[in-house]
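As given in Swiss-Prot:
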- 383-410: compositional bias 'Low complexity' (COMPBIAS)
- 584-600: compositional bias 'Polar residues' (COMPBIAS)
- 25-381: domain 'IF rod' (DOMAIN)
- 445-562: domain 'LTD' (DOMAIN)
- 237-379: region 'Coil 2' (REGION)
- 377-449: region 'Disordered' (REGION)
- 568-600: region 'Disordered' (REGION)
- 414-419: motif 'Nuclear localization signal' (MOTIF)
Amino acid sequence: MSGTPIRGTPGGTPLSPTRISRLQEKEELRQLNDRLAVYIDRVRALELENDRLLVKISEKEEVTTREVSGIKNLYESELADARRVLDETAKERARLQIEIGKLRAELEEFNKSYKKKDADLSVAQGRIKDLEVLFHRSEAELNTVLNEKRSLEAEVADLRAQLAKAEDGHAVAKKQLEKETLMRVDLENRCQSLQEDLDFRKNVFEEEIRETRKRHEHRLVEVDTSRQQEYENKMAQALEDLRNQHDEQVKLYKMELEQTYQAKLENAILASDQNDKAAGAAREELKEARMRIESLSHQLSGLQKQASATEDRIRELKETMAGERDKFRKMLDAKEREMTEMRDQMQLQLTEYQELLDVKLALDMEISAYRKLLEGEEERLKLSPSPSSRVTVSRATSSSSSSSTSLVRSSRGKRRRIEAEELSGSGTSGIGTGSISGSSSSSSFQMSQQASATGSISIEEIDLEGKYVQLKNNSEKDQSLGNWRLKRQIGDGEEIAYKFTPKYVLRAGQTVTIWGADAGVSHSPPSVLVWKNQGSWGTGGNIRTYLVNSDGEEVAVRTVTKSVVVRENEEEEDEADFGEEDLFNQQGDPRTTSRGCLVM
């Protein structure tokens, strides 16, 4: 220990050795008192630190126990829900299997009906083939009949030509008959004229004969009477022969002309009758052939319609079976995907639970290590802890809206940040505060959030750094957000607004996060949207974010208010400043949750 030089009295009188010894002892005692005071202060500070650490450890144990019990209850409820969902899925799967069995039975019935219809179709196709053969045969017969018809028509045409020729011949013969009749009349007239001429000449000849006889009577008195009679007889005979020959020629010519005309007329009539009979028979055969063709055509069209209807029914049954098969395959795939998602979700929850257990175990080990260090120091110093700090925790809850508070506390040479848990409350905030008596002043600022909603859509979360805003559909129905606007105003600054697309729909129970363009998040609708025209939502002291529907009505709002608090402490600046609260941080990426504990 170094000594302090002893000076003389002001008057210059030297001090006695006893006085010097007393002064040295006094100085040494003062130094020892100072060291003792420093030691006592240090011990007091250590005791306060031990008390603070013990309180923190107890609170950490309480928080850890509460968190573990809460997480345990949460996961037990989630596991119960998962088991319930699995049971419902199993029931649904059993129901679907029963339905699949029914559908398989129906499918078998459809297959049997299809086979029956197929057999009927085969029979119908065989019948169609037979009818086609019959149709081809009928077509062949029809072709034959048509050929016969054409030949008969040709014959009829020939007969008509012959009839025309016969009619022409008949007309010619008629004309010839008329001519011959005229000739006969003319000949008869000529014959009559000749007869009259003959009679006249006969009379003339007789008169001449009489005159000649009279003349010869005078001349031939001597002529024999027999010779005169002979000459008269010869002359009469010659005249009679000439008359008979002329009559025979006229009768023969008349008879021949009448026979020729009658024969030609009878031949023409017979040919016309035969042609009429042949044409009538051809018409009857053609009519019968047409009737048979029409009957076969009707039968064929009926069978074709029946076959087409059967094919349409078979096609409809096949399409129905394919549709039902695809439908049940899709349902099974959807159920399998749901079960896979549930398994993945359960595995993720189990992983998070395991991570939380690992964090709890690490915290327990760290707390145990600090407890052992403190107990060892207390035993070494033989000190007993004297708690001199007071910790108060206050919470308020309600049921209509939610709010959160962030408390940041500053002191000389130290800065601590305590973030409070977001609680449900109507215009209230859940905050945690801690106080230690001291003499130095401290300042803090408080961030409080208040949220409310009049419909099913609420502003679930906002980033204090202006990266994103998250909305949630709290109902069990899909909500259309077409042409809705999400607006934000910071203080008295300019209002910014994000407009949803006309066809955007927020699914039931789902959330959507609208990120700024500078956040570096990729656009992945419908759950992640990027505001490409705006880099950030902005930050500031007083932030008001609200959702407006297509009618201009405000349906949800969330406000963030920042306030500064200054406190005076009664301890010296070397004494510790203390504040503690359960921490659930709202800042950062909403897709990840960070939980931790810091031991100051």
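Keep in mind that glycine also has a Cβ here, set from the backbone N, Cα and C atoms.
Sorting each residue of the region 'Coil 2' (237-379) by its DSSP state yields 143 helix, 0 strand, 0 coil. With DSSP states grouped into helix (H, G, I), strand (E, B) and coil, the domain 'LTD' (445-562) comes out at 3 helix, 62 strand, 53 coil. Taken together, the residues of the domain 'IF rod' (25-381) have an average pLDDT of 79.
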